[in-house]
Amino acid sequence: MEDSFTSQQTYIDEFDSVEYLKMYYDQEQAMLSEWTDFALQTLHEVFSAGGIGGDTIMDIGSGPTIYQLLSACEKFKNIIISDFLEQNLAEIQKWLKKEPGAFDWTSYIERVCKLEGNGATCEEKAEKLRNKVKEVLRCDVLKENPFEPLTLNPVDCVISCLCLEACCNDMESFCDVLKHLKSLIKPGGCLLLLSKLNRHYYSVGDQRFSALPVTREGLEKALKDAGYETMEIKVADQNYQSKILMLYAKHK
Ligand SMILES: C[S@@+](CC[C@H](N)C(=O)[O-])C[C@H]1O[C@@H](n2cnc3c(N)ncnc32)[C@H](O)[C@@H]1O
């Protein structure tokens with residue numbers, strides 16, 4: 001069964017949130033900086049350019065991470081965090097409640113404060129983000145209503161980083177998921193997707209998790225087929241090892 005796409009039960013049983021943070025977000029691990037450099041810089045640019053903002057932003061497949069919301073928290077009054085796994089939501093809650101053992105995001109917060117250059121301290125920025133997170137919810141993007149049995153009001157913006165490729169085993173399913181997300185966005189609102197291209201899997205500890213190897217063209221087509229209008233695409237510099245990109249699309 002080596003080749004089958006990772007099941008939801010495997011995620012529930014095997015995804016180790018603490019190990020994921022250690023492998024991909026611990027500053028000691030230099031291999032990660034290409035992703036975080038790109039994500040922090042790109043999200044800073046997208047949110048500071050104006051145009052994207054409003055009442056509520058929803059992060060889909062947040063995992064145990066908050067770096068992706070550091071720039072967004074300047075532009076939205078409310079933030080909804082969501083993931084399929086309870087263990088990831090528990091990690092987020094630990095950080096929100098400043099509990100012992102919570103992951104230390106200080107260096108990420110400092111980097112975003114520096115990019116924003118408005119004199120806010122790391123503590124002030126962290127408090128701003130904490131205060132804006134109004135919900136931490138379980139979701140399953142494979143469901144037509146990812147928050148079933150809840151029905152949420154559509155939001156101004158949905159953001160999702162490295163998640164959809166981890167849930168969908170083909171482009172048809174990817175397109176269906178984009179349609180599910182569309183129902184969570186107000187008409188005229190936007191979707192921000194951050195992805196690594198052509199990746200077949202990622203590892204957490206000894207466990208491999210499947211990824212759908214997406215291309216820029218495939219993503220653009222899926223967005224079009226799902227009824228979005230692509231507004232902007234940014235691809236990381238050539239000197240990055242793996243191709244990574246940000247897609248900004250509008251719910252027409
Ligand atoms: C590679 S991690 C990305 C985490 C985080 N967004 C980041 O940028 O590091 C993929 C995430 O997708 C979540 N996921 C997997 N299947 C899902 C589903 N059906 N619905 C929502 N999230 C799902 C996993 O729990 C995991 O947190």
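Every residue number used here counts from 1 along the chain in the order it is shown.
The backbone N, Cα and C atoms fix where each Cβ goes, and this holds for glycine too.
Quick look at what TrEMBL lists:
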BINDING   Tyr20, Tyr25, Gly61, Ser62, Tyr67, Asp83, Asn88, Asp140, Val141  S-adenosyl-L-methionine binding site
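Mapped onto this structure are the features recorded in TrEMBL.
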| residue | record | Cβ contacts under 8 Å, 6 or more apart |
| --- | --- | --- |
| Tyr20 | S-adenosyl-L-methionine binding site | Gly63, Pro64, Val204 |
| Gly61 | S-adenosyl-L-methionine binding site | Ser82, Asp83, Phe84, Cys139, Val141, Ser160, Cys161, Leu162, Cys163, Leu164, Ala166, Cys167 |
| Tyr67 | S-adenosyl-L-methionine binding site | Tyr25, Thr36, Ala39, Leu40, Trp105, Tyr108 |
| Asn88 | S-adenosyl-L-methionine binding site | Phe15, Ser17, Ser62, Gly63, Pro64 |
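A simple way to gauge crowding: the CB of Val141 (S-adenosyl-L-methionine binding site) has 26 other CB atoms within 10 angstroms, across all the protein chains here. Gly61, Asn88, Val141 are the binding-site residues among Tyr20, Gly61, Tyr67, Asn88, Val141 whose C-beta comes within less than 6 Å of an atom of ligand 1, given in sequence order.
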